[in-house]
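**Student:** This is the structure I have questions about; it appears just below.
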Ligand code: UDP
């Protein structure tokens, strides 16, 4: 059964390009409620741990460098069918393949600097949300 929460990060490219406000507007207009949110700079250690699942993939080192290249916005979001609906809202990993109107289509430039993260399963949404937010920062 789908749970009603997902986890997102507005990535360093979108923050640096001034898209935080527009992306949050799209998220809220998409029917998501912000449960918790923070603006932070990731260390190599934290980004490496978050993306540990991709450790063996060729882009891992560059992904960690990119995710630590500037501040990000991390948030827990709530909506019915949150994980799937959020993946639809953000679009395909490669922005050139993302549908028109999706966040990656509008604000991302490349497959590595792709503006936003969205959890890919309910299980990962819970793991990722609690990686970034302690129990007293979410309800
Ligand atoms: N990524 C990359 N190069 C690739 C594939 C992925 O740099 O060829 C990065 C990209 O930032 C992506 C992240 O690794 O968002 C995680 O990849 P995944 O396949 O899980 O895509 P997502 O779930 O973010 O759409």
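Cβ atoms are placed via backbone N, Cα and C, with glycine included.
Keep in mind that TrEMBL annotations are predicted by a computer and have not been checked by a curator.
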**Student:** Check TrEMBL: it lists 11, 59, 87, 104, 114 as binding ATP. Then name which of 3, 93 it lists for that same site.
**Tutor:** 93
**Student:** Roughly how many Å separate the Cα of residue 87 (ATP binding site) from that of residue 117 (active site, pros-phosphohistidine intermediate), to the nearest whole number?
**Tutor:** 9
**Student:** Among 11, 59, 87, 93, 104, 114, listed as contacts of ATP, what is the widest Cα spread in Å, to the nearest whole number?
**Tutor:** 21
**Student:** Are any of the binding-site residues 93, 104, 114 near ligand 1, with a Cβ under 6 Å from it, and if so which?
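**Tutor:** If the test is a Cβ under 6 Å from any atom of ligand 1, the answer is 93, 114.
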**Student:** Roughly how many angstrom lie between the C-alpha atoms of residue 104 (ATP binding site) and residue 117 (active site, pros-phosphohistidine intermediate)?
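**Tutor:** Cα-Cα distance, residue 104 (ATP binding site) to residue 117 (active site, pros-phosphohistidine intermediate): 10 Å.
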